[in-house]
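Asker: Here it is: the structure, laid out below.
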Amino acid sequence: MSPKKVQIKVEEKEDETEESSSEEEEEVEDKLPRRESLRPKRKRTRDVINEDDPEPEPEDEETRKAREKERRRRLKRGAEEEEIDEEELERLKAELDEKRQIIATVKCKPWKMEKKIEVLKEAKKFVSENEGALGKGKGKRWFAFKMMMAKKWAKFLRDFENFKAACVPWENKIKAIESQFGSSVASYFLFLRWMYGVNMVLFILTFSLIMLPEYLWGLPYGSLPRKTVPRAEEASAANFGVLYDFNGLAQYSVLFYGYYDNKRTIGWMNFRLPLSYFLVGIMCIGYSFLVVLKAMTKNIGDDGGGDDNTFNFSWKVFTSWDYLIGNPETADNKFNSITMNFKEAITEEKAAQVEENVHLIRFLRFLANFFVFLTLGGSGYLIFWAVKRSQEFAQQDPDTLGWWEKNEMNMVMSLLGMFCPTLFDLFAELEDYHPLIALKWLLGRIFALLLGNLYVFILALMDEINNKIEEEKLVKANITLWEANMIKAYNASFSENSTGPPFFVHPADVPRGPCWETMVGQEFVRLTVSDVLTTYVTILIGDFLRACFVRFCNYCWCWDLEYGYPSYTEFDISGNVLALIFNQGMIWMGSFFAPSLPGINILRLHTSMYFQCWAVMCCNVPEARVFKASRSNNFYLGMLLLILFLSTMPVLYMIVSLPPSFDCGPFSGKNRMFEVIGETLEHDFPSWMAKILRQLSNPGLVIAVILVMVLAIYYLNATAKGQKAANLDLKKKMKMQALENKMRNKKMAAARAAAAAGRQ
């Protein structure tokens, strides 16, 4: 017996309308729909259920849309007249929440783009038309104002995020390189951009707190011997060759340490220049340590508990494409990037399945390491020999020396940095490591080469500094005799009772010391400039001219130049990364004696970004052995942290142990550079505060604080390792649980199938 169909009949009792006294109002009301028909049904009486009534026919799509449109119009007019009841408000609120949810998640739906756009427009239109109806009574305007401000604030935040993304320098260039060459090459340019930001902060500190105050408030050029070119060098002080070596006018300028005055305060603001010079130098070192460690900890935090390689290729197939891309060029870059990611993943998968001949691999790796040690020893001896020759040349007349003799040491270091990485790359072919492991070995070897070269250079520089200090003692004694003879001759030129003009000697005629601090700054600036020029010439000759030869001579050559020898060059990741780190180490080491070095390095990094991006896209080809770069560049940052530590040690030794020059620089006249701190405490602080600070600087207390910091670092490191291990264990448990659930579901499905087959 089938259930009876029932129907509920609803009668509506309309309210009476108020009569209008004006004929014009009646005409308007005839044109508009009646107000009563737009109001919600107020009085409803349910009739007796009639079981014999026929079932209503289903509505078609047009009728449903018309009824929905009428309901929305009624809601809108009811909102204007403040006559919507609570039931309709709740229903409207639920619909608005649903539409907002659609707006937020429409791009995640597996629909066609046309359907997404249509649904999005419809949802936005519904929200904009009916959002104001949620306000009731006197609070409706305030609610509408709050909703409007919320929309504007959300739009402002979205535009601000877009603005911040647009302000990231060279983002499009790096994305294009990543799509063509993979994440390994792009990681170098990301590292270069990060180094550019670090050097920008260092330049702002040195320029605003050292160079600019001296230029604005210090004594002008020619007022003191330290700010004047000697008389013997005036004729050639502005020559290009002299300026290229950073002598002449460049030496006696704000670019170098020796130009700065040793007065405690300068200018109308009583700016303490010596104190500022010392604190900015220490601040640059501290900031560099802080920013490197912060970047490393951030990358470790992003790394989480390790990569989850479950269903790696499935995720790449179904989730790699961005369906909101509308630019054809961006789409091409995205396509190339996805292709490169698949190549990297396939290489990673194959590398884990390779079977090796263990004994042959061990022999080849031993042979490669033997050749590496020979190369490192030979390069160290070559630099030592070049330093000895440079010391011999320093004792000769500069006019008798040629260009090579003057720049031999810098050129030898630059050439070793250019050719030794190529040899290490050839040795790495014997070892047959995974590409990522081979890159780390190569970086480590080049790092050892450059670090050894740098410390050989520093040891030679320390010998030169000691010679300058001994020379200063003789010059100081000679200046005392010169002053005594000048005063004696001046007094002898007048009689006993006569008066003459005041005694005056032009600053260019005053004898002066060698100023070893300026000499150190000049060496680092020359080394930086020569390294930049060597890098650019190498790119032009080794990449651009080689690419032109292969491209245009391939048609008339005996063999295929593109796939045979010489072919196009691959981008040397290891050499470029180590050159960048080595150059930054020289900046940290020399910026205390040459405040202009961070500015010079900014120009170098800025031009390198454009020049190397052009060279990569124009002259290089992707590597034959692709590999995925580490998600965190902590390997690069770790080497940078090590070079930072090793670069600041000689600087701190010079600050603490060596006496400053007596006639140049902001610390002249003091026994040690750090004495400027004690002078400031004595003159500018109360005695009790100076006493407290001296007690805090007690070596026993400092050693205790350092020990506590080491223990805290050890504890935090152990805690972090434990948390990472716990995360890995949880991931394993979740995988095992998922596998068990999968097996249980399979067994249940098999049991159901067997039961169904048994019933049949």
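Cβ from N, Cα, C; glycine included.
A quick note: this is a predicted structure, and the numbers were derived from the prediction, not measured.
Pasting the feature list from Swiss-Prot:
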TOPO_DOM  1-182  topological domain 'Cytoplasmic'
REGION    1-80  region 'Disordered'
COMPBIAS  13-29  compositional bias 'Acidic residues'
COMPBIAS  30-39  compositional bias 'Basic and acidic residues'
MOD_RES   Thr45  phosphothreonine
COMPBIAS  50-61  compositional bias 'Acidic residues'
TRANSMEM  183-220  transmembrane segment
TOPO_DOM  221-271  topological domain 'Extracellular'
TRANSMEM  272-303  transmembrane segment
TOPO_DOM  304-359  topological domain 'Cytoplasmic'
TRANSMEM  360-390  transmembrane segment
TOPO_DOM  391-402  topological domain 'Extracellular'
MOD_RES   Thr400  phosphothreonine
TRANSMEM  403-430  transmembrane segment
TOPO_DOM  431-434  topological domain 'Cytoplasmic'
TRANSMEM  435-469  transmembrane segment
TOPO_DOM  470-515  topological domain 'Extracellular'
TRANSMEM  516-553  transmembrane segment
TOPO_DOM  554-572  topological domain 'Cytoplasmic'
TRANSMEM  573-593  transmembrane segment
TRANSMEM  597-619  transmembrane segment
TOPO_DOM  620-633  topological domain 'Cytoplasmic'
TRANSMEM  634-657  transmembrane segment
TOPO_DOM  658-700  topological domain 'Extracellular'
TRANSMEM  701-734  transmembrane segment
TOPO_DOM  735-760  topological domain 'Cytoplasmic'
Asker: With a Cβ cut-off under 8 Å, give me the same-chain residues at least six positions beyond the ends of the topological domain 'Extracellular' (658-700) that come close to it.
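Answerer: Long-range Cβ neighbours of the topological domain 'Extracellular' (658-700): 225-226, 257-262, 264, 272-275, 277-278, 465, 469, 472, 476, 479, 512-518.
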Asker: Cβ pairs under 8 Å only, please: of the recorded stretches 183-220, 360-390, 597-619, which one is richest in them relative to the transmembrane segment (516-553)?
Answerer: 597-619
Asker: How many other Cβ atoms are found within 10 Å of the Cβ atom of Thr400 (phosphothreonine), counting all protein chains shown?
Answerer: 8
Asker: Within the topological domain 'Extracellular' (221-271), how many residues are helix, strand or coil going by DSSP?
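Answerer: Per DSSP, the residues of the topological domain 'Extracellular' (221-271) fall into 14 helix, 2 strand, 35 coil.
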Asker: Sequence-remote contacts (6 or more beyond its ends) of the transmembrane segment (183-220), Cβ cut-off under 8 Å?
Answerer: 169-170, 173-175, 177, 227, 254, 259-261, 266-269, 271, 273, 276-277, 280, 283-284, 287-288, 291, 295, 340-341, 344, 439, 571, 573, 576-577, 580, 584, 587, 591, 595-596, 598-599, 601-602, 605-606, 608-609, 612-613, 616, 622-623, 626-630, 633, 636
Asker: Could you check whether the transmembrane segment (272-303) and the transmembrane segment (435-469) come into contact, where contact means at least 3 Cβ pairs under 8 Å with the two residues of each pair 6 or more apart in sequence?
Answerer: no
Asker: Let me spell it out: take the topological domain 'Cytoplasmic' (554-572), skip the flanking residues so only those 6+ beyond its ends count, and list any with a Cβ under 8 Å from a Cβ in it.
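Answerer: 181, 185, 188, 421, 425, 542-543, 546-547, 616, 619-624.
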Asker: Taking the transmembrane segment (573-593) as the reference, which of 403-430, 435-469, 634-657 gives the largest number of Cβ pairs under 8 angstroms?
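Answerer: Stretch with maximum Cβ contacts: 634-657.
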Asker: Summarise the model confidence on the topological domain 'Extracellular' (221-271) as a single mean pLDDT, whole number.
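Answerer: Average per-residue pLDDT within the topological domain 'Extracellular' (221-271): 88.
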Asker: Going by DSSP assignments with H, G and I as helix and E and B as strand, what are the residue counts for the topological domain 'Cytoplasmic' (554-572)?
Answerer: 3 helix, 2 strand, 14 coil
Asker: Take the topological domain 'Cytoplasmic' (735-760) and count its residues per DSSP category (helix H/G/I, strand E/B, coil), listing them in that order.
Answerer: 25 helix, 0 strand, 1 coil
